[in-house]
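Colleague: The transmembrane segment feature in TrEMBL is assigned to 36-60, 66-90, 102-122, 142-161, 168-190. Here TrEMBL flags 222-271, 298-319, 718-738, 807-836 as region 'Disordered'. Annotation comment: TrEMBL describes 299-311 as compositional bias 'Basic and acidic residues'. The domain 'FtsK' annotation in TrEMBL covers 455-650. Among the features that TrEMBL reports, ATP binding site is placed at G477, T478, T479, G480, S481, G482, K483, S484.
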Amino acid sequence: MAAQNNKNKRGAAPTRGSRAAAGQAAAQHRAAKKQLAAVVLFCIALFFLCLCFIPGGGLWGALRSGLFGLFGFCAFVTPLLLIYVAVMATLDKSGAKVGAKVAEAVVLIFLIASAIHIFRFSGTVDFTQDIADAFNAFRLDGSYTGSGAVGAVFGGLILLATGSGKAAAVAIVLILIFLCVMLMTGLTLIKLFRGVAKPVQKANEYREEKLEELAQKRERDFDVDVDLGPEPVKTDEKKKRTRKKAEVVPLPAEPQTPENEPAPESDSAAKKPVLLDDIINKMKEPAPKITADGVVVPAEKEKPSESEKTAAETPNDPAEQKAYVKPTLDCLAPAKASRNLKYEDELKANATKLVDTLKSFGVETRIVDICRGPSVTRYEIQPAAGVKISRITNLTDDLALNLAAGGLRIEAPIPNKAAVGIEVPNKNRATVTLREIIDTDQYRSAKSKLFVALGKDIAGNCTYADLAKMPHLLVAGTTGSGKSVCLNSMIVSLLYNATPDEVKLLMIDPKQVEFTVYNGIPHLIVPVVSDPRKASGALAWAVTEMLTRYKTFSDNNVRDIKGYNSICESLGEKKMPQIVIFIDELSDLMMAAPHEVEDSICRLAQMARAAGMHLVIATQRPSVDVITGLIKANIPSRISLKVSSQIDSRTIIDAAGAEKLLGNGDMLFYPVGIEKPVRVQGCFLSDSEVERVVDFIKAQQQSSYDDEVMQEIERQAAMEKKKNGGAASDSDGEDEADEMVPKAIEVVVEAQMASTTLLQRKLKLGYARAARIIENLEERGIIGPYEGSKPRKVLISKQQWYEMNALAQGGADRDYSEPESAQPQPPADLPPDEPF
């Protein structure tokens, strides 16, 4: 019995194999018959085509006369339709049989012939006479334009059905022709409407491009007589690119979504492919913009500037117009023409790799959107139900490996979106210029005089910041990350937006190389402050000015500078200008005078907003001893460029991510009022552009520094120096009395902790002497306050201690030890280019 069963099993396999082979052979036979029918049909069409164009006698002439007698003008259409059917059958583009398509072609020929007969109809319907006249028209008159006997028969039937009504017959035959063409070609209404809409869309785009070109030509019509330079280069961002269809297998279709059609439960049918072409096409549509105060506004198409809207717009008052003219846009370099890079293939390849890589780790996702910016592209993916976001974020290194990309960053989730953003650097980064950022309606229509340009976000939209709403800004990043360029962009934006009577600038540059180019412009209150000691005095003057303004507000019963300026405007008095304080390197100031600088910055950050005074502070060392807790708490808006570690990133923006930036202006903009930082590619501003803007402003109006402010800064610096000198002399006396203090500093700095028992053990001191040294170190600011049983914190590093010693010795070698009366006073006519 078992042997018989085995025999039956062995015989079952050949039976199934033979059935499959038979089915395959039948399919091949049907395909061969279809190809043979297509060849025969093509030969018949060629024969009819030869009959139409080659005259002859005998049997050939009789066949030619019969063809034109039957079909008339449609004799030319018949071979063309047969060739179309043969080609479609050969390419296997049609699902129907060849015979069905031939029948549709014949019906279409009959309908066209009927339409010709109806259009030529006049009088009454007489079948016998009409058929005879149509059949003999070519033989007797040699006419090719008739309807033929076929048209006379079917056209006459349609005319009889409509009661010899020509208009109704024309409508019926045209509808039937349209229906037959749709069936024969397999065309749908959606494809038809899209084909009709494309020429209209192209015409509209061509018209818009012409209008932009005309507007660009009018852009150069300035009222100021200056050398305008070369013609601006237009960046055409609307060039059409050829797109190839690519598919990414997404998640199973969700049945609750209206767009998804019900599908069977099989795995193959449950997945609906998402075309990346639709996602890439959406990239041309502008995305919503995030303002400096965190409000999301719809993006509008930026129109080119007109002559009356250019940056050369001057005040209406003739006196003011003669005194100061805002710089022109030609001082800035135009945007480079965008290269026609076909980045669609790169986007599709990266999207496919992302989905496939995540799927290989068991994470089902699908691409929902792609946003391409100047430097990075964000691929927005949506995980399947039940997939944790942490599973995606933990695969950062694996995704970077598969994409061969450095600096890959994951934003999970994207604010206000049910998606995870994977930011991948572009192979070809675009340069964002300051000119294309400020040459927009959004910048020109800004009401705030502290509206500055930053760059472009990840969707390619221009990004701005309003310093009046921030109200203070902290910028941090490593050397070469674009920190100084960012500050210069802000300063130049202010120079384009405000006059010297509206905004005043106070610049502190301990490096002595970044801000000195601005010496001589009328916006400066005093020359650029480069001495760290005088920088402390400048900040102390700013605090005094803030308190003076609040006293003025109190006397006039107003709450802020806006209310005070409204009163001045109604009385015709001079308005109070806003003041922006730029500090290029905070760490140098903190090493020179840490307590005074921190106190002044904290007081300004807490109270200066209503007084119209705002801080923009930059540092390349975002450590906790430079950006202290008080400074960080009072400056809510931050910009983080590329940093060296995740700890520095958390110090600046309270989150990781800045360590994965690309540098060269790539930043995370975190203004007050938004949930997560926004990635922005900062605009590039060269030194030559800054010099051209400064030279233009100097040519219009010379600087007029405030002598009282300069003397006040000198007085504040002298007071700080005297205070520090007294403290230093006291400490020197203690040092003479106790020579163990320097050794004690070295011990606590080396151990990064301080306690009395530590000094007793390391230096072999008694308790009383060690306690006095600990109190001395606390007064010096070397260690922190008493914290119970815990060791005291050391506030400086060993390197900082050596730098402070070197700075103190260098100051003593210069003139810091001289009495106050020996200090030279600044002359009243200080040259504008001399550092203050």
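In case you wondered, yes, glycine gets a Cβ from its N, Cα and C as well.
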Colleague: Hey, which of the binding-site residues T478, T479, S481, S484 is the loneliest by Cβ count within 10 Å?
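Modeller: So among T478, T479, S481, S484, the binding-site residues given, the one with the fewest Cβ atoms within 10 Å is T479.
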Colleague: Please figure out which one of 36-60, 142-161, 168-190 racks up the most CB pairs under 8 Å against the transmembrane segment (66-90).
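Modeller: Of the candidates 36-60, 142-161, 168-190, 36-60 scores highest.
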Colleague: Including all protein chains shown, what's the count of other C-beta atoms within 10 A of the C-beta of K483 (ATP binding site)?
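Modeller: Total other Cβ atoms inside 10 Å, all chains included: 25.
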Colleague: Cβ neighbours within 10 Å, counted over all protein chains: which one of the binding-site residues G477, G480, G482 has the most?
Modeller: G477
Colleague: Report, as numbers and ranges, which residues of the same chain sit near the transmembrane segment (142-161): CB under 8 Å and 6 or more residues beyond its ends.
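Modeller: Result: 68-76, 109-118, 120-121, 125, 127, 130-131, 133-135, 169, 172-173.
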Colleague: Taking the centroid of the Cβ atoms of G477, T478, T479, G480, S481, G482, K483, S484 (ATP site), which other same-chain residues have Cβ within 8 Å of it?
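Modeller: For the ATP site the neighbour list reads Q620, L641, K642, G663.
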Colleague: Let me know the DSSP-derived helix, strand or coil state of T479 (ATP binding site), please.
Modeller: coil
Colleague: Within the domain 'FtsK' (455-650) only, compute the mean pLDDT.
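Modeller: Summing pLDDT over the domain 'FtsK' (455-650) and dividing by its length gives 89.
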